[in-house]
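Chemist: One structure follows; several queries about it will come next.
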Amino acid sequence: MPSSTSPDQGDDLENCILRFSDLDLKDMSLINPSSSLKAELDGSTKKKYSFAKKKAFALFVKTKEVPTKRSFECKEKLWKCCRQLFTDQTSIHRHVATQHADEIYHQTASILKQLAVTLSTSKSLSSADEKNPLKECLPHSHDVSAWLPDISCFNPDELISGQGSEEGEVLLYYCYHDLEDPQWICAWQTALCQHLHLTGKIRIAAEGINGTVGGSKLATRLYVEVMLSFPLFKDDLCKDDFKTSKGGAHCFPELRVGVFEEIVPMGISPKKISYKKPGIHLSPGEFHKEVEKFLSQANQEQSDTILLDCRNFYESKIGRFQGCLAPDIRKFSYFPSYVDKNLELFREKRVLMYCTGGIRCERGSAYLKAKGVCKEVFQLKGGIHKYLEEFPDGFYKGKLFVFDERYALSYNSDVVSECSYCGARWDQYKLCSTPQCRQLVLTCPACQGQGFTACCVTCQDKGSRKVSGPMQDSFKEECECTARRPRIPRELLQHVRQPVSPEPGPDADEDGPVLM
């Protein structure tokens, strides 16, 4: 599998070392060169042989790395292979070179194949019409095999989350890039995820791709490598654009890949509001300073700055920035109407926007900017996810809601929400116990023990009446408490800051989210 950056001509050891700076790749004498493989290559690809061999070796060694309790503090590395534990680079390198030459050979051949495709693609792109690059860089058929990594040298169990030696992982990413053939990308992504045993959800549109996938760490690493080497995305994506968290394939019930009009459902055509005119990106460090400055003001209500949470109410309910304005909306597709209804609130204001991973702010900030009422519009690059990686004990309090079966990620010990029934501090969502309901509910163990497991009194009553028949689990209906909920709230011109401690306990009929 190729590097995210195609190597220059000649010996590309430097690129390989930059990509795997923790490995000593200079001494390759232990690997027997495959003269037959090299002899079969054309001139341009043959020049990449040295790079491919070193890259194959580095990738193989990297997959054998195991975490240690002290690795975070002192960069200690251990490797496990063939039921042996290796404590230094020299010993693991010697073992791989002498015992796994065949695997290195096959992986080298695979990398060379991918490099040949990349070289051909680059030549096609340079001569193609700039408005239609996809027609030149991808096959006209839906044969996606050229962009699937070779996994023959890996233990099959290593690709399956929970069965390998490492804990699984969940990736969250997006990439805005005009796509000529979203259907081809959809077919490729489906094949790629199935190939790597990944589950999750991926939305593809003419404006780009938005995905969250889970699997083993080996599988997610290979997925990132392929994405970074893919011609259409490699200039717009970098490794830091992939947010990672503990998890795996079990975090999603299945793999869903589809083509839509938008990669994040705001409900407005990208032709009307484009991602190309967003608010100014602030790094987590820059955003932290802006929030610190905002919170240090004696009277935030009189400030010219608004800290705006672009997420849904059930997300901000269990975690949010101090002093934020958190709209009481159920879907992101309600956000444009929320802005329209509360436009005066944003007039002559500096707006600091944030969301989970940054994607909603891209077009949400573009929509707010297009209204022409704000002084400035900023957005948190990488979203809360990246902010918490740098500032786990910063100004964001509580948990980070995620759209998978984990429901939330914890970076600090703060609990900012409460049980819907008794008002005790609680922030762990569960599905409403009524089979036909779509809601999430906050109910503490004590209340659960008393049978309070539904999102509202109406659902609690429905749950006590058993429903029989084949449609019991598949039929869904909107909860009555959702139907009664105001769709678009109107804020006071001097909005009330969200506190960092739990709010007063809600009425028993307060609803939870519709899962999307």
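Keep in mind that glycine also has a Cβ here, set from the backbone N, Cα and C atoms.
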Chemist: Going by what Swiss-Prot says, which of Ser269, Ser283 is noted as phosphoserine?
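Modeler: According to Swiss-Prot, the phosphoserine annotation belongs to Ser269.
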Chemist: Between 463-489, 490-516, which stretch does Swiss-Prot give the note region 'Disordered'?
Modeler: 490-516
Chemist: With DSSP helix as H/G/I and strand as E/B, how many residues of the domain 'Rhodanese' (301-396) fall in helix, strand and coil?
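Modeler: In the domain 'Rhodanese' (301-396), the DSSP-based counts are 40 helix, 20 strand, 36 coil.
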Chemist: Between Ser269, Cys355, which of the recorded positions has its C-beta surrounded by the fewest other C-beta atoms within 10 Å?
Modeler: Ser269
Chemist: Rounded to the nearest angstrom, how far is the Cα of Cys355 (active site, cysteine persulfide intermediate) from the Cα of Ser269 (phosphoserine)?
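Modeler: A Cα-Cα distance of 20 Å.
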